[in-house]
Structure formats: C-alpha cells, structure tokens
Amino acid sequence: MAAPNPRSGRSTSLRDSIDSEKLEGTGSWDALEWTKIEHVTRSVSHANLEFLLEAERVIVEGYGVVLVNIDEAGTLIVTNFRVLFLSEGTRDIIALGTIPLATIEKFNKIVAKIQSAPRQTDKIPSQRLLQVIGKDMRVIVFGFRPRTKQRRRIYDALLRCTKPARIWDIYAFTSGPSKFSNINPKVRLLNEYFRLLGDSSSLASMEIIENGSFSSSNELWRISNVNYNYTMCQSYPFALIFPKSISDQEVLQASSFRARSRLPVVSWCHPGSGAVLARSSQPLVGLMMNMRSNADEKLVAALCTQLVGGRMTRRKLYIADARPRKNALANGAMGGGSESSSNYFQSEIVFFGIDNIHAMRESLSRLRDYLDTHGATSSDGMSSFLRHGGWTWGGGNLSSMSASVSTLGDSGWLIHVQSVLAGSAWIAARIALESASVLVHCSDGWDRTAQLISLANLLLDPYYRTFTGFQALIEKDWLAFGHPFSDRVGMPSLSGSGDMPFELSRQSSTGSFSSSPMRQSSGSIPSQAPSPSHAQNNYSPIFLQWVDCVSQLLRMYPFAFEFSPTFLVDFLDSVLSGRFGNFLCNSEKERQQCGVSEACGCLWAYLADLRSSEGRSHAHYNFFYDPSKHDGPLLPPAAALAPTLWPQFHLRWACPSEAQDGEVEAQCRKTALKLFELQKAKEIAEKKAKDSMNAVESLAAELQNEKQVSNSARNLAKMASKETAAIKRAVESLGCKVQFASSGDCAVDIESNPTKSPQTYSASRRESDEKSDVSVSVTVVDDVASSNPVGRVCEALCPLRTQDGGCRWPDAGCAQLGSQFVGLKANFDAFDRLSIYDSYFQSD
C-alpha cells in the first residue's frame, strides 16, 4: 500500500480516536502504565551508536516507546538497515525489538483504548500501537504516547525504507563488500561440477569461464556451455551437465517441451553406480495429455544409461512429480501437466502431494499466530503462564490446552515439513538401494523441486553435510538453478515481480478483536481493497521450510553434520536480513547483471569469519560431529520422519527460555570447552617443563666444559712453572744472576767480563687460565761468539747443539751465526706448532 495521503490526516485522527471493543482475557493494559512514562526529549547521539554497521545511518528516532511483548521502555531507532530498540536504562540493544527491515513481512497501525468505569471513557487516552510482523516468526508491538506523532514518523520511515524503489537501494549494495568480499559463484559451481564428474585434475577460474573452455566429461556425462549466455533458459546456470550421448542441438530441441525451457539436467551423480538425480520443470503435454517430444524422451532415456562391462544398458527411471495428482492434471488446462509412463521407457511416475507456495505461506502464518498467542512473550502483553498471578494457559484456562494443541496441528506446517522429508528420503532410497535414476519436477521446477533435490543430495552425499559442501549444495541447487529468492523472500528484483513485496495494511479501528487489541492474523488480508501486489503475492517461506527440514535431519542424525542448529539459525537470519548479496535477485543471470558478487558482501565469508574467531569451539560447529559414523547415505525410515517444532528458530521469540539448546548438548559443550582449556594448559605446562629440562642440560654441559678448561689451564700453569724453574736453574748454573720482577720480567746479569758493561737479558713470563707463555731471550754484543758467555748459555740450554757448533734444529730460528745477535727464545705454544723431526734427537 502506498504512503497515506497527507490530506487525509484529519480523517485519520478521527478514526484513531474511535474506541476498540472491550478486551478479553485475564491481562490488562493498565499494567503498562502508559500515562506515567515520561517523554524523553534528549536525543541519542549518533556518534555514540557504536553498534551501527558500516554505511548504516539513522533515519528517525522515537523516545519513551514501550515494547509491549516484554513491557520494556526504551528508544526506537529506524536506520537504513534495521529497526533498533534500546533499553531506556542500560541503552543495550533489545534483541526482540531489533529486526532488519528486509525481515519485516508487514506492519500495521493499531489503536486501543481501555474501557473502565462508565462515564470515564473520555478521560482515558487511547494507546497508539505499531505491530511489526517478521518473516522470522516474531510478532512485536510497540506502544507510543498519544499526541507525540512519533508513531506517524516511525510508520512513514518504515514505508520508505522497507520498500526500496530500486534493487540498488537495498542495504547490501549501500554497504558494499567491506571485508566480506565474494568470489564469483560461477567458479565454485564449476568446481562442484568437476567434483561430481570425478575430474580432480581440473580447476575452475574466471579465465576459462570467460573463454567458454570449461567443457569436461567422463564416460557418461559432460559439462555443456549451451546456456552460456542464458539464451536457452534464463533461470538456468551458465553451465549444465547432460548425458554424453546428447548433443547441444538435441538439448535445444528438448528445451521447448518443458515449462520455461527448464529441461531435464543432472544435479548429482552417484560415484559408484552412476545413477543420477535430475531435475526439470513440468512437460507441456497440454489439456489432452497427448503432446510428445522425441528430443525430450531421448534426453530422459539417456539419464537411465549405465555402463556394464563396457556396454551401455538401461536402468530403472522414476519420475517424481512433487505436486498432488489433481494439481498436475489441473495444470494441463494451462498447457502443462505430467509425463505418461508409456512414453518414457522403463519409467514410473510418482506423485508426492506437496502443496504449492500459497499453502506454505498461509501455514507458516498460522503457526506464527499460534506461537504468538500461546507464547511467553506474546504481542498482546499477556504472558501465557501465570501472568499477573492468574492461572492461565494460552490466554485462557487449563481446559483450553487441547484446543491450543489442535491449533498447532491445524497450522499444517509440520505436515508439510514431513511431506518434504518423506519425498526426499524416498528419492535417496531409490538411488542408493536400487541404483535407479530419478527425475524430479513440480510446475516450474524451482520451489518444491529445489527442496526435494537438495534434501536428497544432503542424504546421499556426506560432503554436503560439511560447511564447504553445504555452501556448494545451496549455490548449486538453489541459487544457480534459479529459485526466485527475491520473489519468495520479498525483495525488489530486476524482473519487477518483487517491486511490491510487502503486505502493508492499516487495520480499521472500527473492527473488533477476537482476544486482544492487536491480535490480528498475520496471514489475513486486511479489509481494505487489496493492491495489485496482494493479488500477485509470490512471497513464500520455501527456503525457510527447507532449512527447517535440514534441522529435523540434524536432530535425527546428530553425528552426521559438521554444523549445528545454531549455525542454521544464524544462516537463515543472514539470508532474511538483506545485508548480503548472495540471495538477491531471482536467477544467476540477474545477479550477474546487477554485479552482485562485486558490489555486495558475501554471506559465506561473514559466517566463516565468525567461526574463525573461536575455532572448533564456536557454536556453529556440531560438538557431536563424527564423519566416520555416517560416511555413506542417510536413509531414514518413514517412522522416523516425525518432525517437531524447531526450538532454536520457532520458539526463540515466543518462548525464549525453551528455545535454548538442549541441556545435554549445552553441558557437553561446556565440558568440552573446559577440557579444551585444560588440554591447552597441559600443553603449555609440558612445553615449559621441556624448556626447563633443556636449559638444565645446557647448563650442565657448560659446567662440564668449564671444568675441563679449568683443569687444562691448571696443568699448563704447573708445566710452565716447572719449565721456568728449570730455565732459572740452568741460567744460574752459568754464574748468572736471575731476578724475577713482580711484573713478570726477568733480568739476567753476566759478570764474567768486567771490561764490558753488564749484559742484560730479559725474559718475560705470562700466565693465564687457559695457557702459559714463558720466553727467555739473551742478547750479547761480544764480537767473539765462542768466548762469549752467551755461547756457553746457548750450549748449556740447547741440547740440540752439535760438537762442531752446529744446530740440529735449524727451523727454530733461535741462532743467527755470523751476526751480532745470538739469542734463545722459548715459546711453548710455538713449540707445539713446530714440526719435530726424529733426526733432532739422534746422538752424534
């Protein structure tokens, strides 16, 4: 609905002042004490809003607003991304009152007035309420003080911001990729195709995609680029898997026989048996069900091909029609219909009876109303359990218990979930147990078909139960194969079908309420004349329902999935938030035209960043995951396919205390966290002990080395001392005086020649801890060496002197005959380095 005309302001005020009917139930609006809430005039500084995201800006603020569900007063802020509710006291974000704009399904103005004693009605002010209904199962109501016009400003801001005129006005484009940049999903799709064909040597890149040179094949199947420019089918991806025996020309001929040219293509191949899971849209058999296509029949028959002993044979083919049989026949009047088993060799037609998108939308709406009516944080402000001291259950008494349970069954949501689960389990069993091929379709092949195909893939292939595989599964069977996310989630798209996605209505204040002033069925159409968007409303929780089915499988097989229910909740919230670009538009072609992968942030990168902060201890990881327990297909029996409400998603707003993880899982996670911390502390302690041991060993080795050096130095000092004493005795035996000074110098006086001045010979001695160096030098100036006392010294000291005056040790350089220098120098280190010849010590 368009924004209200300013000229109608007077009539609007008049309608707002009309009293509603008397409230029913045990609760009372008096408990909220509306008139006692002081109007806050101060503004929340935008600079202090540190919780604002990148490129998020404040549009309007409301003060003194009450969140009726929990009777909490605070500040209501509308930004270009979400509605924020801040607690009045703590300024903390209240999660229940904070919802992304893209998650809002619709919102309504409500006026309520309490009737008390007669003649006092005019003195009681009416209460201005704003009901917000979310796609994530929440129904919240904000209360505003009368005559403040705050509700009008908030309402007008929501009208502008929840219905952007262009797809580029969505927050995902405004914020940009930021740090969550996105790799082109075509690369990931092509790599998944290579994996399915067993081609481990090929690696996809944008270069080979742009060149169109990504064709690959095995014995039975091939990757084709026939739809590279989306000319054959606009809602199919750029690359498709077909039987190897079918040419591109035959593919083009077969496409004309299927609705929207969505011809049969391979979605998954069994690596062992070669059986395939294929998908398509309904055949165009016409009203009389007599139209045929040879190209389509040949293509479907090729899906049954199997290679046995080098020879091609046929296998069983099941054609699974997701619709009820009567719906399939009714589609014949519009040119559609279903196949005839007589036209498809060795085939069997099966109808699953799953209802269409409109039935799913109404079913979820009834479930949401049930939870809001009987939840602990009901939007009418009356908790269902012991509210205000009254013994109530679901707004009534204990006798209404059976009626409320019946209401849950009447919503039909769990029955629809069971139908999808049962159909997927049946498909998986045919492929795993019979090695048969299965072709799945509904009407267009992008809603119920996507649910069944992707869930069967999840059951058959353990890879899809990991984080990486789950992403590949969704990008292949939901995004690449054209599930219209913009239409189903309610966002603008290039095709224009999502330009009016919201049911915006203003409830007539003259109407009556069944149980509470704002209790209005979230799926009902208002009494006003519906706009064209209402008549063509394509919003439907198809993808939400599929994630619900995944949560049911996770509950049945807690060891089979790497991810946890918490991950599924955060993933679904991210999809509905409109913060990322992965799930915008209706097809791969539209996302390419909008440049989504380059202009918007990536949801998968955001979730991976969350997990990286805590590693395996993050809540997204399934604590019980053990891939060895379920390394093959999951084939649940029919008796096990009894779904329950998904607590973490369905009950988190209406019954928050019951929506937490199970006590066993929570305690196991806490225990595992403590064990992890203890193991980490143990590793640190062991590392420290090892380092200390190494240090002790190193110090012991150094100490031993020091002892050896000390002993060696001590021995050298003793040897030097002995040699010094021997030299001293030898010199003194020649009649020389030897005097050692404290500085280590030695003076030798020779007194045999009184005519000459005393000749002084110096010797130095150095000792250290490591070596001893003793040197003695004798210098004379006597011209006659033979009669000089120095000659006698040399002869006495050197045992290597020969009888003829020669020297047996010419290399020592201790004597220079024929010159005025004759001396002796003993350097024991030099002695060690000299070459010793045996002839030195031979007797003459």
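Backbone N, Cα and C atoms are what each Cβ position is placed from, and that goes for glycine too.
Values in this document were obtained by computation on a predicted structure and should not be read as measured data.
So that you can see what the record holds, here are the features copied from TrEMBL:
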- C442: active site, phosphocysteine intermediate (ACT_SITE)
- N356, I357, C442, S443, D444, G445, W446, D447, R448: substrate binding site (BINDING)
- 506-516: compositional bias 'Low complexity' (COMPBIAS)
- 517-533: compositional bias 'Polar residues' (COMPBIAS)
- 752-763: compositional bias 'Polar residues' (COMPBIAS)
- 764-773: compositional bias 'Basic and acidic residues' (COMPBIAS)
- 198-650: domain 'Myotubularin phosphatase' (DOMAIN)
- 506-533: region 'Disordered' (REGION)
- 749-773: region 'Disordered' (REGION)
**Complete:** As a whole number of Å, the Cα atom of N356 (substrate binding site) is distant from the Cα atom of C442 (active site, phosphocysteine intermediate) by 9
**Asked** Hey, what's the widest CA-to-CA gap across N356, I357, C442, S443, D444, G445, W446, D447, R448, the substrate contacts in the record, in Å?
**Response** 12
**Message:** Limited to the domain 'Myotubularin phosphatase' (198-650), I'd like the whole-number average of pLDDT.
**Reply:** 86
**Request:** Excluding N356, I357, C442, S443, D444, G445, W446, D447, R448, please set out which residues of the same chain place their CB within 8 Å of the center of the CB atoms of the substrate site, keeping sequence order.
**Result:** A322, T449
**Fill in**
Listed in sequence order, the residues of the same chain lying six or more positions from W446 (substrate binding site) whose CB sits under 8 Å from its CB are S235, R262, S281, F481, G482, H483, P484
**Asked** Whole-number Å distance between the CA of the residue listed as 'active site, phosphocysteine intermediate' and the CA of R448 (substrate binding site)?
**Response** 6
**Message:** Using a 10 Å radius around its CB, how many other CB atoms surround N356 (substrate binding site)?
**Reply:** 17
**Prompt:** So what sits near R448 (substrate binding site) in its own chain, CB-to-CB under 8 Å and at least six residues off in sequence?
**Reply:** A322, R323, F352, I354, N356, V420, C442, I542
**Complete:** For C442 (active site, phosphocysteine intermediate), the number of neighbouring Cβ atoms whose distance to its own Cβ is within 10 Å equals 27
